[in-house]
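According to Swiss-Prot, the protein carries these features:
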type     : residues   : note
TOPO_DOM : 1-24       : topological domain 'Extracellular'
CARBOHYD : N5         : N-linked glycosylation site
CARBOHYD : N10        : N-linked glycosylation site
TRANSMEM : 25-49      : transmembrane segment
TOPO_DOM : 50-59      : topological domain 'Cytoplasmic'
TRANSMEM : 60-81      : transmembrane segment
TOPO_DOM : 82-96      : topological domain 'Extracellular'
DISULFID : C96-C172   : disulfide bond
TRANSMEM : 97-119     : transmembrane segment
BINDING  : D103, C107 : serotonin binding site
TOPO_DOM : 120-139    : topological domain 'Cytoplasmic'
TRANSMEM : 140-159    : transmembrane segment
TOPO_DOM : 160-178    : topological domain 'Extracellular'
TRANSMEM : 179-202    : transmembrane segment
TOPO_DOM : 203-291    : topological domain 'Cytoplasmic'
TRANSMEM : 292-315    : transmembrane segment
TOPO_DOM : 316-327    : topological domain 'Extracellular'
TRANSMEM : 328-350    : transmembrane segment
MOTIF    : 343-347    : motif 'NPxxY motif'
TOPO_DOM : 351-366    : topological domain 'Cytoplasmic'
Amino acid sequence: MDFLNASDQNLTSEELLNRMPSKILVSLTLSGLALMTTTINSLVIAAIIVTRKLHHPANYLICSLAVTDFLVAVLVMPFSIVYIVRESWIMGQVLCDIWLSVDIICCTCSILHLSAIALDRYRAITDAVEYARKRTPRHAGIMITIVWVISVFISMPPLFWRHQGTSRDDECVIKHDHIVSTIYSTFGAFYIPLVLILILYYKIYRAARTLYHKRQASRMIKEELNGQVFLESGEKSIKLVSTSYMLEKSLSDPSTDFDRIHSTVKSPRSELKHEKSWRRQKISGTRERKAATTLGLILGAFVICWLPFFVKELVVNVCEKCKISEEMSNFLAWLGYLNSLINPLIYTIFNEDFKKAFQKLVRCRY
């Protein structure tokens, strides 16, 4: 979210010329990422707005996440590109304050949205009946408002401490000399949400797996009951079971309670039902793997994109002798920004309704 800076004043014209190709490459690469992030998040927002089928409280959270990531792409990334390429801040301290404020608030808000979505999905799968009544547009709006308010409260202290010291006009950074402020902001913006997300998605996976198994067992029991036929005549009873027809003949006799004769006969119908049951088990297993893959992508992308940056933020503050290069600092910041590009892909690519909505938008069928 913040960058170190350098100056080109001590470089010769030849050195500047030699560095020009790399600067152009960096500029084009980062501009491409910013454009892709803007486009994809715009598609998600437009799809939810124009597609009636997507007007669901759960998707309102995804829409709000897309808006947040869109703001990162439009208001944060372009200034960062200029800062990296120029290697100094040339837009004044007022604009610097605005940029840092938007940067920290939007990135924090994007992360907290992931926590809100995880909480929403957890309650939807573990308390489906009760939560279905509470899962209204108003409820989604309250969750979104809470996320934004918390983001502002988490982001303000670092900006406040920035003005307690002196800063150069050609730099735009958050100082790493207030350990309390850094711990407060990093734990509030990342580490606490990370723990919450890990716990929630672990519980979601376990709950989803249990639900799949219960549904499969319920289907098998239902098939057994539907396939049973009872015929009674006086003291005789015949029981036919579709899975493997069993003939049970019970006769009353003074010397014995009953005599049983068992014979098993395979039938085409029983084999057909067995085949259907096997297919359902296969489908259930496929869905379980798909759910695990989706959760793995969500968690993996989040951790890979943001963990290195926030580890750096803590290490640089706690360890006075620990230094990090400008290039590495920029790379870690943009690795975090990359999460704003990945979010809309992960949260919509596995949803058929979103896929159809995207196709209609691209083909201009609205």
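Any Cβ shown, glycine's included, is placed from N, Cα and C.
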Surrounding residues of the transmembrane segment (179-202) on its own chain - C-beta under 8 Å, 6+ positions past either end: 104, 107-108, 111-112, 114-115, 118-119, 121-122, 150-151, 153-155, 157-158, 160-161, 295, 298-299, 302-303, 306-307, 310, 313-314, 317-318
Per-state residue totals over the topological domain 'Extracellular' (82-96) - DSSP helix, strand, coil: 10 helix, 0 strand, 5 coil
Touch test for the transmembrane segment (60-81) and the transmembrane segment (292-315), at least 3 Cβ pairs under 8 Å: no
Proximity of the transmembrane segment (328-350) to the transmembrane segment (140-159), 3+ C-beta pairs under 8 angstroms: no
Local confidence of the prediction over the topological domain 'Cytoplasmic' (120-139), expressed as mean pLDDT: 89
Long-range Cβ neighbours of the topological domain 'Cytoplasmic' (351-366) (under 8 Å; 6 or more residues past either end): 43-44, 46-48, 50-51, 53-54
Spatial separation of C96 (disulfide bond) from C107 (serotonin binding site) - C-alpha basis, Å: 16
Cβ neighbours of C107 (serotonin binding site) where a neighbour is any other Cβ within 10 Å: 27
Integer Å distance between the CA atoms belonging to D103 (serotonin binding site) and C172 (disulfide bond): 12
Lowest local Cβ density (other Cβ within 10 Å) among disulfide-bonded residues: C96, C172: C96
Residues in the topological domain 'Cytoplasmic' (120-139) grouped by DSSP into helix, strand and remaining coil: 17 helix, 0 strand, 3 coil
